[in-house]
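Taken verbatim from TrEMBL:
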REGION    A:1-22  region 'Disordered'
TRANSMEM  A:41-61  transmembrane segment
TRANSMEM  A:73-95  transmembrane segment
TRANSMEM  A:116-140  transmembrane segment
TRANSMEM  A:160-180  transmembrane segment
TRANSMEM  A:187-205  transmembrane segment
TRANSMEM  A:236-257  transmembrane segment
Amino acid sequence: MSSLTTSPAGAPRATPRPSGGGLPGAVAAEWTKLWSLRSTWYFLLVAAAVMAVTAGCIGTVSHDPAASVARPATLATVYGVEFVVAALAMLSVTGEYATGSITNTLQCVPNRARMLVAKSITLGGVAFGAGIVLAAIGVAAGGAAMDAGVFEMSYVAGQVLAIAVHLALLSVLTVGLAAIVRSSAGAITALFLLLLIVPMILQSIPADFFTDLAQFLPQAAGAQFMADEAELYGPVAGLLILVAWAAAFLTAATVVLRRRDA
Amino acid sequence: MLTLQGLTKRYGEKTAVDRLTLDVAPGKITGFLGPNGAGKSTTMRMILGLDHPTSGTALIKGKRYADLAHPLREVGALLDAKAVHPRRTAYRHLLAMARSHGIGAKRVDQVLDVAGLGEVAGKRAGSFSLGMGQRLGIAGALLGDPEVLMLDEPVNGLDPDGVLWIRNFLRSLAAEGRTVFVSSHLMSEMELTADRLIVIGKGKLIADAPMADILSRSSRNSVRVRGPEAEGLRLLADRLLEEAADVTWESAGELVVTGLSVERVGDLAHERHVRLHELRAVEASLEQAYMELTAGSVEYGQAPPPGPGVQPLAYGGPPLPYGQPHAGQGEGESLVV
C-alpha cells in the first residue's frame, strides 16, 4: 500500500455526462449500506425468533375456539417484534451519528428531505418484506400452539399484510424520530415513551379525554389497524392515524435537519 | 472554484469563522493554514453545507453545495477520515457512495487502486490505521472525479511515504486544472505543496497571497553582511538605519539587516565604499512567516512566539496590513495582503 506511482484521479475520467443520483440513487446507497452491515441480519433473525416464541406463547394461552390463527402473530407484533424492527430502523440513523458517517451520507445526499425519504423507503421496504415473512412465522407458530382456532385463508392473508404494513410505517416513524434525537439511547427512550409509557400514563388518568387521547397514539392506532373487529374507530382509521404519525415525524425530522448543523 | 463571501459562523458568543471572503482558484493548490481552532474545519464544513453559516455564503461554481445535483461529481471532500462506519468494508463504503450518484462499481475499484487500498478493499474500515483511513477518505473524494478537491489535514497520520504520495498526488490534480484546497497546521508541509496560501487565525483572514509573496514579506527575510573593517560597517549601519532598515550586530564584524533587499544593501555598501567579505540573503521559512502572521491569533497557545515576530514585519516597503490585525479592533476588513 505504500509504493504508489499510479496517475492521479485514476486514468479515464468517470462518465462524462452525469446521470443517476437523485432519490433512486439515495435509496440505492441506503440499500447498499444497510446490507453491508452484519447487524442487519442479526436484527432480522432476532425478530424472527421473538415472533416465533411470543406468538407460540400467546397461542398456548389462547382458548377461544372462534379466534383466528393469525391473532397470536398480531399480538406478538405489537408486544415484541415491532421493537426489534424499529431498532433496526433506528440504528440506520443513530448508527451514522455515532460513527460520524452521517457527514459522509450528507456529502453524498445533501438534500435532507431526500436523505430521510431514502432511508424511510429503504427501511420501510425492508420492514415490509421482512414483515410478511415474520407474520407468516407468527401465524405458523401461533396457530400450531393454539388448541383450537379458525383458519380462513383470505383473513389470515389480510392479517399478514397488515402486520407488514404496520412494521413498515413504524420503521418510517422511527427513522424520523431517530434523526431528531440522534443518539441510540435517546431514541430508544423516546420510542418506548411514545409507544408504551405515555399511553399507560394517559390511560391511568381518570378523565375520558386522556383515555381517549391514548387511543390515537401510534401503538393504539397500529393495534386498531391490525385488529379483527372495529373496536373503536376501526382498521382504516387506524391505518390513517399511523400514516399521519409517520408523516409527522418525517416532516419534523426534515425541518430539524435543515436547521441543525450536522 | 470556491467562493466565500463574508462567511461567518458564531456559536453563541464565540465567533469561529469571522467574515471570510476569498476565492479558491482552479489549477493550483491552495493551502489553508491556521493554528488549531482557527476555524479551518468549520469553514470546510460550511462549504459542504454540513454546518450552516450564521451569515455569508460559500458557493461552488456559484451554487450552494446542497443545491448541486451531483455533489460528489463537483466536490470531492475528505473531512474526517474516521467518519466511516467501522463495520463496513472499504469497498462497500465506497460502493454506497458511488450508488448515490449512479457511479459504477468499476470506478470504485479504480479509486481503491489509486489510493493504494486495492488489497484491503474487503477489510472493515474499523480495522484501518489512521493513514489507511486517510487513503480511504481520499478514494471517496476522487470517486466522482470532481473538479474541486477539498481535503482537511490529509497528511495527518500518513507515514513519510504517504506524505510524499499525497504531495505529488495533489500537484498532479492541480496540474489537471482542478481546484485543490488543502488545510493543514503543518507549515513545513504547505511550504512544499501549496502554490497559494490562505492563512486564518481566530476565524479571521490573515493572509491570502501566493506562497512566494508571503515568504518574501516576512521580516525574517534578512541580509547577512560581514566585513573586515568595523569602522566601515558602522558607517554602513548608519546609512542602513537612514533607510529605515533594522540592523542587528551579530559580532564586531557582522551585521544582520532586515527590511531591505540584498541588492539595496550591496548598493549602499558600495556607495559608502565599505569592504565586504560576505553579503548574503537569508530567506525565511514559511514556518517563520507563519508564526509572525498568526502571532496573537493562536487559539490555544501559551506564550507569543519567540523572537522579533511579536512586533513584526519591519521591512522597507509600505506597512503591511497583516502586521497587527489582532489588536482587538473590531474592524476586520482589509486584512488581506
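Here the Cβ of each residue, glycine as well, is placed from N, Cα and C on the backbone.
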Exercise for the section: Using Cβ atoms only, state whether the transmembrane segment (A:160-180) and the transmembrane segment (A:73-95) have three or more pairs under 8 Å that are 6 or more apart in sequence. Expected result: yes
Problem - Criterion met for the transmembrane segment (A:41-61) and the transmembrane segment (A:116-140) (at least three Cβ pairs under 8 Å) - result: yes
Problem - Which of A:73-95, A:116-140, A:187-205 contacts the transmembrane segment (A:236-257) most, counting Cβ pairs under 8 Å - result: A:116-140
Completion exercise
Contact set of the transmembrane segment (A:73-95) with the rest of its chain, CB cutoff 8 A exclusive, min separation 6+ beyond the ends, reads 30, 33-34, 37, 39-40, 43-44, 46-47, 50-51, 54-55, 58, 101, 119, 122-124, 126-127, 130-131, 134-135, 137-139, 141-142, 159-160, 162-163, 166-167, 170-175, 177-179, 181-184, 187-188, 191, 195, 219, 222-223, 226-227
